[in-house]
């Protein structure tokens with residue numbers, strides 16, 4: 001005789017009612033009475049009061065996610081419709097999917113910020129363009145779906161000119177504050193977007209005087225409503241600095257910490273400011289990642305009084321072999337096929353987001369369950385109540401960081417007593433998730449309502465490991481769906497792009513993932529011929545870095561499993577004497593690891609030489625020699641990799657051949673430049689066989 005979970009019984013009961021097998025159901029209920037009684041005797045139970053009569057806890061600020069830090073939404077923009085809109089609906093549409101309350105975006109700074117670079121709105125001091133990249137577009141799409149969504153901007157890297165020769169954004173505080181304020185003003189002027197919160201410098205040092213200068217400049221521009229969040233790193237030293245400096249305490253509205261492990265510190269609480277986990281999760285979006293997310297969404301408040309939790313990242317829309325592959329709430333990394341996956345963290349989010357809103361309040365009566373797990377309860381102050389219960393086990397809820405101390409979760413009964421203004425609630429809707437074995441797995445399933453009129457406002461849940469229950473007075477919850485997207489496909493084995501677009505919607509060409517440097521569509525006004533429309537590397541100065549950007553610029557594309565392939569591209573060096581460009585195959589690393597990328601790199605230089613190297617940095621030299629090359633002229637490079645051998649052509653004539661290459665065996669195709677310099681690329685073509 002086995003004890004079924006309450007959820008399984010409720011699901012079973014729903015099915016029986018749908019079949020209208022009333023007599024059979026009655027018979028089964030009679031048979032089930034004995035084992036249920038045994039279960040109740042065997043499993044210990046705890047009693048928990050949900051009460052507002054002593055006042056309420058902290059104000060809830062919403063659940064959200066980060067696009068950026070960096071280039072994590074890169075492939076999303078190239079999805080064909082209707083799939084792109086479907087993905088956006090799953091993320092942002094209220095009462096449909098993840099239904100996020102908060103969107104945090106990177107303020108592009110031209111530097112490598114985890115999985116790629118995002119372009120700045122000001123590559124140079126006198127250069128302003130509020131249509132580069134895709135974060136403006138994404139914010140507008142989010143706002144379209146949820147006009148109340150909270151928008152946050154945060155810089156990771158900064159364009160090099162702000163550092164005046166130093167790798168440091170605080171050389172001229174006024175200038176950096178001006179740069180950030182122009183982004184906020186540009187958001188409003190060009191896209192009608194109101195930024196709600198602005199950050200300082202992601203996971204790097206803060207400067208107390210810069211924060212004050214930024215506040216003054218925001219106020220001077222009439223942006224008093226834009227609040228400051230700091231420091232997007234650890235709780236300290238920002239909290240202690242605020243306690244020691246009354247002006248700093250006044251200008252910072254929210255203390256944001258990253259990966260706090262559900263815990264905060266005394267100084268942060270003493271500031272009396274809002275406390276947020278302003279970046280969290282970063283875990284593969286499997287059931288383990290969903291368990292991590294479910295646990296921290298509750299326990300960040302229960303243990304640490306954090307009223308907002310923001311996931312890195314929003315959607316895994318970058319090549320999976322880049323660092324932290326598939327660490328998004330859902331996966332959309334195949335614009336060429338239209339395939340995407342609505343992963344479990346979307347439905348874990350829904351347990352909170354669909355039944356609360358920023359402006360609701362947590363009850364003071366929240367806490368841990370006796371046998372492991374936690375519960376929170378929130379109210380809108382208008383009679384609505386939402387209770388979220390999680391029993392995520394240690395084994396299935398580890399986040400990527402920090403280390404999770406051991407705890408145990410076991411089978412239990414939890415009795416909740418509704419007191420205060422909630423004592424007269426007649427009915428609660430029930431939503432249920434069970435993570436784990438496919439045979440027992442349910443994601444965001446609506447069960448039968450609980451009727452409370454006869455129970456004096458009391459109800460009992462039977463809880464097993466790795467479950468989530470939402471019990472709510474709201475009836476608006478919905479598990480949204482679309483017809484299945486197309487099946488997954490490999491990146492096309494023959495791919496070409498001539499970049500001939502008059503008015504591109506995005507500044508970057510599809511599927512190219514910039515890893516150092518920024519490659520943008522470009523129109524050659526003085527070249528009406530074959531190369532009027534090109535792709536141009538537009539940085540001539542190293543940015544103020546967040547990660548270890550390479551000293552060369554590089555953009556990767558294609559299928560990481562590619563081994564045998566021919567890459568062909570027209571190239572144009574703009575810098576006399578010192579300039580150089582390359583095409584490459586089997587590039588095996590990207591993101592924050594880009595400096596150590598291996599592959600087969602075919603370089604030509606304006607000084608009339610060529611080089612073949614086994615790495616981006618140029619340390620491993622396979623061949624070098626003279627080539628009839630100069631700046632300001634177009635050349636066609638061809639690189640062929642077949643098994644252990646490689647060869648290269650310049651303008652269709654063999655320049656080198658039969659160079660033996662044993663490592664790496666596979667990787668992306670790529671284009672790039674020798675340093676931070678202007679250069680152009682056209683008529684890119686790759687033909688691959690796996």
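Placement of Cβ uses the backbone N, Cα and C atoms for every residue, glycine included.
Automatic prediction, not curation, is the source of TrEMBL annotations.
Long-range Cβ contacts of residue 203 (active site, proton donor/acceptor) within its own chain (separation 6+, distance under 8 Å): 232, 233, 258, 546. Residues or ranges marked as active site, proton donor/acceptor in TrEMBL: 203.
The active site, nucleophile annotation in TrEMBL covers 279. Its Cβ taken as reference, residue 279 (active site, nucleophile) is surrounded by 25 other Cβ atoms within 10 Å in the chains shown.
For the domain 'Glycosyl hydrolase family 59 catalytic' (60-354), the model gives a mean pLDDT of 98. The domain 'Glycosyl hydrolase family 59 catalytic' annotation in TrEMBL covers 60-354.
Taking DSSP states H, G and I as helix and E and B as strand, the domain 'Glycosyl hydrolase family 59 central' (362-477) has 6 helix, 53 strand, 57 coil. What TrEMBL lists as domain 'Glycosyl hydrolase family 59 central' is 362-477.
For 514-688, the entry in TrEMBL reads domain 'Glycosyl hydrolase family 59 C-terminal lectin'.
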- Task: May I ask whether the domain 'Glycosyl hydrolase family 59 catalytic' (60-354) has at least three C-beta pairs under 8 Å with the domain 'Glycosyl hydrolase family 59 central' (362-477), counting pairs 6 or more apart in sequence?
- Result: yes
